[in-house]
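Quick look at what TrEMBL lists:
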REGION    254-281  region 'Disordered'
TRANSMEM  12-37  transmembrane segment
TRANSMEM  43-67  transmembrane segment
TRANSMEM  97-118  transmembrane segment
TRANSMEM  138-158  transmembrane segment
TRANSMEM  170-188  transmembrane segment
TRANSMEM  208-233  transmembrane segment
Amino acid sequence: MESGRRSLAKTLVCRLCTTISKAVFAEFLATGLYVFFGVGSALRWPLALPSMLQVAITFNLATAVIVQITWKASGAHVNPAVTLAFLVGSQISLPRAVAYVAAQLAGATAGAALLYGVTPGDIRDTFGVNVVRSSVSTGQAVAVELVLTLQLVLCVFASTDSRQTTGSPAATIGASVAVGHLIGIYFTGCSMNPARSFGSAVIVGKFAVHWIFWVGPLTGAVLASLIYNFILFPDTKTLAQRLAILTGTAEVQEVEGVEPQKKESQSSSEDTEMENVCQVA
């Protein structure tokens with residue numbers, strides 16, 4: 001009996017680790033692609049300087065593509081601000097959130113490094129690093145990033161909420177990213193995503209006002225999560241359920257909930273086979 005329980009526990013842990021590792025890799029891959037295509041569209045080629053519309057459309061399409069590819073594997077956060085919002089809304093565990101953010105930062109760095117490696121030296125320039133326009137104050141820059149991320153996270157929640165929709169959120173989230181860029185480029189180059197800013201900054205070593213692209217998006221994400229999950233569409237989770245989700249216990253329970261059903265169906269099929277044998281006899 002004891003060995004059976006240990007075997008079941010090992011199976012559940014292995015299954016949970018496999019699921020999480022697949023999701024973490026999906027976040028790494030998605031963020032890397034997002035940075036490669038997004039930052040790549042903002043490079044200043046002498047004969048074809050990028051327009052604001054070109055950059056916004058590229059970020060839009062890149063977001064839609066990677067969300068479509070990875071949202072069933074990891075939820076397609078691709079953004080530490082989105083992951084924080086899901087954590088605040090009790091929709092993801094703390095260990096998973098930490099793993100996601102680490103994967104996103106690593107993916108953004110890898111995507112930026114790959115882009116840097118294939119870009120000619122005379123084109124790299126500032127390499128798409130987010131900077132604040134000279135006439136924009138620090139406070140204004142933080143406020144703009146806050147509002148841009150607020151609308152993005154609200155859109156992510158509304159697009160992925162099973163109570164609202166069951167289709168792919170790729171198009172709507174991509175549109176939200178495009179809307180942010182159409183305005184934010186003038187102020188801060190538009191980040192809305194700390195990982196996107198982090199990747200370029202690490203490669204070229206420019207962190208002058210980098211903190212703005214963490215404080216603004218993260219604050220906006222927390223506000224969006226509180227507005228959506230506690231005001232607009234409050235859920236009925238109890239404090240015990242929220243703690244279980246935060247610690248990751250709920251994920252284990254979810255996997256455990258599948259196991260009895262499998263055993264029950266297996267035993268019922270065995271019973272049916274036995275009945276058939278008896279009838280033949």
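Glycine is no exception: its Cβ is also placed from the backbone N, Cα and C atoms.
Residues 20, 23-25, 27-36, 39-40, 74, 77-80, 83-84, 86-87, 124, 127, 195-196, 198-200, 202-204 of the same chain, all 6+ positions outside the transmembrane segment (97-118), place their C-beta atoms under 8 angstroms from a C-beta of that stretch. The list of residues near the transmembrane segment (208-233) in space but at least 6 beyond its ends in sequence, with Cβ under 8 angstroms from a Cβ of it, reads 79-82, 84-86, 88-91, 130-132, 138, 141-154, 157-158, 161, 163-164, 188, 191-194, 197-198, 201.
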